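Below you'll find the structure, written out as structure tokens, and then a few comments.
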Amino acid sequence: MANFFIDRPIFAWVLAILLCLTGTLAIFSLPVEQYPDLAPPNVRVTANYPGASAQTLENTVTQVIEQNMTGLDNLMYMSSQSSGTGQASVTLSFKAGTDPDEAVQQVQNQLQSAMRKLPQAVQNQGVTVRKTGDTNILTIAFVSTDGSMDKQDIADYVASNIQDPLSRVNGVGDIDAYGSQYSMRIWLDPAKLNSFQMTAKDVTDAIESQNAQIAVGQLGGTPSVDKQALNATINAQSLLQTPEQFRDITLRVNQDGSEVRLGDVATVEMGAEKYDYLSRFNGKPASGLGVKLASGANEMATAELVLNRLDELAQYFPHGLEYKVAYETTSFVKASIEDVVKTLLEAIALVFLVMYLFLQNFRATLIPTIAVPVVLMGTFSVLYAFGYSVNTLTMFAMVLAIGLLVDDAIVVVENVERIMSEEGLTPREATRKSMGQIQGALVGIAMVLSAVFVPMAFFGGTTGAIYRQFSITIVAAMVLSVLVAMILTPALCATLLKPLKKGEHHGQKGFFAWFNQMFNRNAERYEKGVAKILHRSLRWIVIYVLLLGGMVFLFLRLPTSFLPLEDRGMFTTSVQLPSGSTQQQTLKVVEQIEKYYFTHEKDNIMSVFATVGSGPGGNGQNVARMFIRLKDWSERDSKTGTSFAIIERATKAFNQIKEARVIASSPPAISGLGSSAGFDMELQDHAGAGHDALMAARNQLLALAAENPELTRVRHNGLDDSPQLQIDIDQRKAQALGVAIDDINDTLQTAWGSSYVNDFMDRGRVKKVYVQAAAPYRMLPDDINLWYVRNKDGGMVPFSAFATSRWETGSPRLERYNGYSAVEIVGEAAPGVSTGTAMDIMESLVKQLPNGFGLEWTAMSYQERLSGAQAPALYAISLLVVFLCLAALYESWSVPFSVMLVVPLGVIGALLATWMRGLENDVYFQVGLLTVIGLSAKNAILIVEFANEMNQKGHDLFEATLHACRQRLRPILMTSLAFIFGVLPMATSTGAGSGGQHAVGTGVMGGMISATILAIYFVPLFFVLVRRRFPLKPRPE
């Protein structure tokens, strides 16, 4: 094939240009994102039961839904929460790669059979099913800059005019509203009700009947009589619209003609639909929306569409209303991709300089440089064909591929130059001879490197998805690199290189002359050193065994994790006060935290958005969540201005706040997997010991974790048990008094929890009508005695006649995981300790709990455990496939061992570099380690291929090996140094995404340094030992 293109260089150029064109088109078509779709698809079922306690919700709603979620394909785990605010949610997480739409359909089908078992109030509110993740990709704050709108005006406008349009944007899974629209609020006065001998049910019945839209029909509708001359729509009663109209609703007409109207027994006003949240942006009253990504949607594209839609809506905002982006993930993605592109360009420049140093001829250096854009563009075409995206993983793989793809072209050019110098052949003749010599080595290198990465593509789960991005990208680049080296590079060598006279070399003057002298002198020393090693093999075998021991030691000592943490330009702060604390008490703590950020971190902080009433562990008056957005990475100090440094300082400051637990934490490495960095587990009650026993086990576990110095900030990601007022109904007394239990329940719900009655029209939008006791009549336990229920004889019976109340402790938020009662425990490893080690410690601590309690890992920790279990299999399969490819290449079962034995020499360097830099054994490191395995084998192949060929032609084994070492030293050092300098920008990068670049670059760089230094000595030793043990008969030339 090479000879064909040597004679037809224009044909080779045409193919290269076409490859570049297709790649260029692919780049503009490929989506951009931080990661591919790594988070498992989530389907969330949400139900509302106004006024219900968490225990009531769990018993009547949550468990009913859970028990019907059977027979779902690819379900990984299921979690549920029942909140004292009346909301229940069941989240089902499916294996990565599951079609989210199909998952939603299956969940909806199973839900249908559960609907009739749910309370009527829940059915009236509706049960929603959405494919959505757990974390926000955008948090938008809305503020009135001129103060013309109060917080409820802002919230109503946002809920009425912005929330729905944004929820219909393609890619949006769900939207959390930190505020609510207006509703018609009917605040009942129990004393006035009783004075008119009326009950709460009388009020709701009157509203239902008199606030209704009646479909009457038509005047002259078909079928009509002959000669009918008129057809018109008939309107009658319609929905009410104003508080005045509601006040005029007639509750009763007395015999004397007097009336009791709604305004006589209640205060009617426009009020908030929900009073759960209180939001602030940079200290000003605000409302907000949290945008969640639909499963399978592109984060970057969705965020851009949402912001574009907001810009369209903003032109209709009331005067003074503006939106601010309080939290977003796209800036980090853009910045990290830009940084990787910068790294890519730096790598190309460094590789060019290394090649020029060795080749010492601009034309010769230009040839492998031309191969770089051709192969990269071709790789983008392959990514497009596979439906992949431009993301952090594929770009990291591109940087790694830089060093790999120039190797093939370097080997070709270097060998052509050597033949021209030694034999005086023309460039065309030298190229033909060179390709005949090294074509087998090129194919062998491609096979081995492909063999290392191809098995990665077949692993499942989130880790497998990460592996696949690297695998497809690097293998595509490798295959294209070999094709370019056999098609374009020979054609370029034959046409671009200038002929050399026999014995003539480049670089005979100046710096290059000095460099060549030094290199040749060291090459001679190297050859003599190899000869000594071959004569003293036992000593070097002992050294090799010691190196193996060091490798195993480092492997066991290197801490583990899933993905490195990144400075994402934002973080969150959660606030939790003791149970029973009020919204105003929580707000005071929030104001303290705001003051700290704006005072001590003003050089780093762009904005602070706080929502009182919403927390990562649940909703309530005693919790708050704050979104901290930082200034651009370029505006912050690279050491003191990182998010990690800010969080560390904030943690020390917040430890002084005694009235609340304040936790500042980084977002999870992968959006949609957990709520923060660190580990995430569920403590489960397998024995059904009950809530109190589970809480005792939780407290015991947290106490044990607090005593362990390798753990930090281990906490329950939920709400603590709080005082609850239990109302006991004596049903015998109630029945004796003629009071219906349904009437008692309806009155309790209306008075204390609010009842949704029906809807009304407000400025062209349908909104809700709620009936509830006025605030002064539901503040104290004894207020229950103010309420009356009508018995079957028409008499008014007070609650004190059949009801008593008592205090007890209960949870405002109950959790379940995979069908068991559970509590979520989150935490972090102490500085210098990996999350993998922290997870091992937590597992050992759980074993100290009473029997019947166990743990399951969830979110990111689940994936970390999965990746840790897959890593040994990945290494083993890759090494096995490499061995088989080498066996096929050399037609020998023995020769591959001389290549395979070199692999640990690269691995120990990768481990040592990673360990010395304080990094961890994560997925990125594992990918880098596989790269090192392939490159270590590649260097060995360059020597073994030549030595084996000469040995088969009848040359002495010792001389053949030394000759191969002498001939291959320069290309080995050149390709290795090119690769090392190619990944140097990754290992030294700063700014967005530098954590991932360090994780990949450090291990690969360390591995290549050790593999290059050690392998050039050990490869000839292993080849000679293997050949002596398994000699071959020489083949005639």
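Each residue, glycine too, has its Cβ placed from N, Cα and C.
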Taking ARG363 first and then GLY918, would you say Swiss-Prot puts both of them on the same side of the membrane? no
If Swiss-Prot is the reference, give me the range from 687-705, 972-990 marked as transmembrane segment. 972-990
For the transmembrane segment (442-460), I need the partner stretch with the highest count of C-beta pairs below 8 angstroms, choosing only from 10-28, 340-359, 538-556, 871-890, 923-944. 871-890
Touch test for the transmembrane segment (1004-1026) and the transmembrane segment (538-556), at least 3 Cβ pairs under 8 Å: yes
Give me the stretch from 340-359, 366-385, 474-496, 897-916 with the greatest number of Cβ pairs under 8 Å to the transmembrane segment (10-28). 366-385
Under 8 Å for C-beta pairs, could you tell me which stretch among 366-385, 474-496, 538-556, 923-944, 972-990 has the largest tally with the transmembrane segment (340-359)? 972-990
Give the mean pLDDT for the topological domain 'Cytoplasmic' (497-537) on the 0 to 100 scale. 76
Non-local residues, at least 6 beyond the ends, that sit with Cβ under 8 Å of the topological domain 'Periplasmic' (386-391): 27, 30-36, 298, 337, 380, 469, 472-473
May I ask which of the stretches 871-890, 923-944, 972-990 has the most CB pairs under 8 A with the transmembrane segment (897-916)? 923-944
How about long-range neighbours of the topological domain 'Cytoplasmic' (497-537): same chain, 6 or more residues beyond its ends, C-beta under 8 Å? 357, 359-361, 363-364, 367, 413, 416-417, 420-424, 426-427, 430-431, 958, 961-962, 965-966, 969-970, 1016-1017, 1020-1021, 1024-1025
Spatial neighbours of the topological domain 'Cytoplasmic' (360-365) far in sequence, C-beta under 8 Å, 6+ residues away: 352, 413, 417, 496-498, 506-507, 512, 515-516
Can you name the far-off residues of the same chain, 6+ from the ends of the topological domain 'Periplasmic' (917-922), with a Cβ under 8 Å from a Cβ of it? 555, 558-564, 832, 834-836, 998-999, 1002-1003
